[in-house]
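S.K.: Dropping the structure in here first, questions after.
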Amino acid sequence: MSEFDYRQKAWSAGLIVLFFLAWELFCLMTGMSDLVLPRPSQVFTTLFEKFPILWPHILQTLATTMIGFVLGVGLGVVLGAIIGVSKTAYDTAYPLLVGFSSIPKVAVVPIFVLWFGSGTVPAVLTALSICFFPIVVNIATGLATTEPELEDVLKALGASKLDILWNVGLPRTMPFFFASLKVAVSYAFVGAVLSETVASNRGIGNVMMTASSNFNVPLVFAGLFVLAGLGVALYVIFSLIEGRVTGWATRKNDVITT
Amino acid sequence: MMRMQPHSEFAGTPVPAAAAPIAIELSEASVTFGRGARAVPALSTTSLRIADGEFVALVGPSGCGKSTILRLVSGLVQPSSGVVIVGGREVAARAMRVGMAFQNPTMLPWMSIERNIMLPLKIVEPFRSQFRKLRKTEFRDKANALLEQVGLKGFGNRYPWQLSGGMLQRANLCRALIHEPRMLLLDEPFGALDQFTREELWSILQELWIAHKPTVLLVTHDLREAAFLGSRICVMSARPGRILDDSRVDFVRPRTVAMTFEPEFVALNQKLRAFIVDARTAATKGAA
């Protein structure tokens, strides 16, 4: 890692600290009531004090997110593979997929609640339905952009469609796939919290909803901080996995010449 | 069945009736893409017979159907009429054990050069069933032996993005040869390379051919390349293509780049060039 990277990181951390300091000072100077906007110090104190109560809800939210995410990835990979391999399937299914993905998912939650009652199931389904689309698009794009010459070389050897998919199509899709994973995991998280907020008695979304109806504003903000932290953590984890698995796709300027 | 033309006196004798077994035979084969009003004829009725172990260069104006002939032979395209027989069998949907190389080397970026070259062994029997067992030993040695023959010794562990265009094209030749194909189909393999790299690769390809004696069908735009490498040159007309001239090239082997500047060689080049100029003019007049 170069000196430049370290300096970049220092600046990023500095900006975050500066943001909280400015917030704190703004509240102190204007004498803002903590019923409207609590100071970050209050929020962190609440977070620390209420952590034992928050913990099961954090686990709940993480669990629904991950279950929805895993199911969404499964569905996304299958659909993406199907429409990526066949041009006809791509053209046929794409309008429907776009239509489905452009529905605001908050509008779908009441339907899930109607079918499955409030709680974990609608949260998982919302997470799933919001996160599978970027995966479908990326898998399909990766498969559809396989070089025709290479396909010809392999077909001339007698390779079946499955051989080509396994040896060329799927590996070349990996950078697209992992790039979409980190987007999808954030989406899944948004979906899970959304559903918990609307219809659940567990999860961080529900904690925030309850706290806000009790005017416990610092707790609302504590919930928000937890969500931000979890969202960043999930994103970072999948970015790291992406870097490890598909390092070949990020080229280095290291060309040998004859 | 050979479509014999009267203008074959320039480069030695006309093609004699083949003594070696026939490797490739196109009889009255034609290819049309699309249907009805939008049909595009790619290849006029063409007959061509290539003996086992021959090195045939196909030249002609661009878009004349040279690549279509390659795709016919490899089984990637079916003839609209006529028959294509390769290795004594009619080309059907299932393909032959051919090696192919295109202008674009298409190495897979996530595999080392060695593993890229071994890719055909994962697909073609009998190597396919042995792949799990042998890939670390015999197959690797095989890949490295080929790499050494093309001057890429020690580059097996590198990744494609670490190699220059010329080096990738050498690796591409290795990939086309790893499964010991009896037939090598090359579609302008050196088209994107500079003059010097190209001449170097001509010699390498010639050595590989002398060593393994596969039947080679080379599509090229470069007349010097055709005359340097081919034991026989077929000149094609503009689209829809047909074979205008078919003649043997009898320069001794191994040929050297210096030979390409000798009068006989230059004369052959000029003759070939005249054919293609005529074909192009005829095509423009036909279109006007």
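Numbers run from 1 along the shown chain.
Placement of Cβ uses the backbone N, Cα and C atoms for every residue, glycine included.
Got these off TrEMBL a minute ago, pasting:
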type	residues	note
DOMAIN	A:58-238	domain 'ABC transmembrane type-1'
TRANSMEM	A:12-33	transmembrane segment
TRANSMEM	A:53-82	transmembrane segment
TRANSMEM	A:94-117	transmembrane segment
TRANSMEM	A:123-145	transmembrane segment
TRANSMEM	A:176-195	transmembrane segment
TRANSMEM	A:215-241	transmembrane segment
S.K.: So what's near the transmembrane segment (A:176-195) in sequence-distant terms, Cβ-Cβ under 8 Å and 6+ beyond its ends?
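M.R.: For the transmembrane segment (A:176-195), the list is 61, 64-66, 68-69, 72-73, 76-77, 105-106, 109, 112, 122-132, 134-135, 137-139, 141-142, 203-205, 227, 230-231, 234-235, 237-239, 241-242, 245-246.
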S.K.: With Cβ-Cβ distances below 8 Å as the criterion, list the same-chain residues six or more beyond the ends of the transmembrane segment (A:123-145) that contact it, or say none.
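M.R.: The answer is 64-65, 67-69, 71-73, 75-77, 79-81, 83-85, 87, 90, 97, 100-101, 105, 108-109, 112, 116, 165, 169-170, 172-177, 179-181, 183-185, 187-192, 194-196, 200, 203.
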S.K.: Grab the same-chain neighbours of the transmembrane segment (A:94-117) for me: Cβ-Cβ under 8 Å, and only residues 6 or more beyond its ends, written as numbers and ranges.
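M.R.: Cβ under 8 Å, 6 or more out: 79, 83, 125-126, 129-130, 133, 136, 191, 194-195, 198-199.
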